[in-house]
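Worksheet for the structure shown next.
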Amino acid sequence: MSRYGLQKLYINGAYTDSASGDTFDAVNPANGECIAQLQAANAQDVDKAVAAAKQGQPVWAAMTAMERSRILRRAVDILRDRNDELAAIETADTGKPLSETRSVDIVTGADVLEYYAGLIPALEGQQIPLRGSAFVYTRREPLGVVAGIGAWNYPIQIALWKSAPALAAGNAMIFKPSEVTSLTALKLAEIYTEAGLPAGVFNVLTGSGDQVGQMLTEHPGIAKVSFTGGIASGKKVMANAAGSTLKDVTMELGGKSPLIIFADADLDKAADIAMMANFYSSGQVCTNGTRVFVPQALQAAFEQKIVERVKRIHIGDPSDERTNFGPLVSFQHRDSVMRYIDSGKREGATLLIGGYSLTEDALAHGAYVAPTVFTHCRDDMQIVREEIFGPVMSILSYQSEEEVIRRANDTEYGLAAGVVTQDLNRAHRVIHQLQAGICWINTWGESAPEMPVGGYKHSGVGRENGISTLEHYTQIKSIQVELGSFNSVF
């Protein structure tokens, strides 16, 4: 028997057997152990979830703003009370270090839910005077039933990022977690029910993106899809959504983000920022600053500081709280990252450190790849052009501000960017020219609930978090009122 046993679908406020009974395994990437069997949804299950959501959504939307706010705040309290339990599940399912999941994943997800719970009473329309006898007022009404499709790197955090604004605005959600990391989304559904969310307002369907995800994006009963994943999948989501019922779409599709270090930067601080921008979560973060631009005159000194820091990384069992670097999410993904590393070697980049999978002792049973740093990289190399989503840093040298801005923008992505400098005039001047939706000055990676998150170019459509996202889960109804007479031309 696996550690977490058989996991059913969550529909209409309860665990429910799938129509087919087909299952797939959840695997701990630290040791290859099967930790759960998950039921795979099919078209019947999708229809059932949509029907439940359609029934529950009007009940939820009819509650007062304060009632909805109180229920979501109760969910926040339960999340925080169960933080350690959820962190342990997340670590087993993703391979992320417990030191990380315990302090970040559930904590930041709960913060987002609390933020939107507080905004619910502030969601209001406008009154617009026209003339003495007439005015217009607007209402912000929920879209109805919406779908969220998550990625595998931050399972419960992404589920909360998507569900919090949707529920706050009065919608019902059907959430499909990544088939690689599904367990905590099911726990979140339990928590919402325990907090008092009406049945059918939050449902979880597990299964593959090619099947369940496509069914959701094409379903005529769903008004909006919020998707996190890769560009190729995002294009399919947009095409399916437009080809079915012209659904509203929000997408975050990853990046190949530049981190620019200027000559006046504190080099120790710059190295620390570059480490966090490349090796946190074993490099499996969509906003990673994997293209690190360094002035040619500082390159050797910077590289020395990076190598020193990489050697201090504590790689090991993610359930050991001393570990700060765990395995990649799956063996398949490990192999993909290794192919990129091999490509970097073939194309002539200089390997400073790492560049291999870890196979000594207990690590041999897991999907571990050593933190890897390449230097003397060129802009046309595969490791510089494509999103690797792993612990691979590329160091590139430059000569001038104008040059580095041009090269930083030379990518199809536009998710994130950052600069490290003591000259704030330069910092703002450069940031304003970088084609990226999320930018950091002298820091990297933090995204507070108040901060809209999303990308330019191929990195996405729309934003998550912040006030504007709440509004995007509503539709505006305009009503004109005439208090005086009405004159017809007929």
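For all residues, glycine too, the Cβ spot is worked out from N, Cα and C.
Swiss-Prot annotates Gly150, Ala151, Trp152, Lys176, Pro177, Ser178, Glu179, Gly230, Ile231, Ala232, Ser233, Cys286, Glu387 as NAD(+)-binding residues; of Gly125, Gly200, Gly254, Gly414, the candidate listed for that same site is Gly254. Asp248 (site 'Seems to be a necessary countercharge to the potassium cations') falls within a strand when secondary structure is assigned with DSSP. Nearest Cα neighbour of Glu252 (active site, proton acceptor) among the listed recorded positions (Cys286, Lys457, Gly460, Glu464): Gly460. The number of other Cβ atoms within 10 Å of the Cβ belonging to Leu246 (K(+) 2 binding site), over all protein chains shown, comes to 9. For the pair Glu464 (active site, charge relay system) and Lys162 (active site, charge relay system), the Cα-Cα distance reads 8 Å. The recorded positions examined here are Asp248, Glu252, Glu464; by Cβ neighbour count within 10 Å, the least packed of them is Asp248.
Gly460 (K(+) 2 binding site) sits 11 Å from Cys286 (cysteine sulfenic acid (-SOH)), taking the CA atoms of both as reference points. Look at Lys457 (K(+) 2 binding site): DSSP puts it in a helix. Ranked by CA distance from Asp248 (site 'Seems to be a necessary countercharge to the potassium cations'), the recorded positions Lys162, Cys286, Lys457 have Lys162 at the top as the closest.
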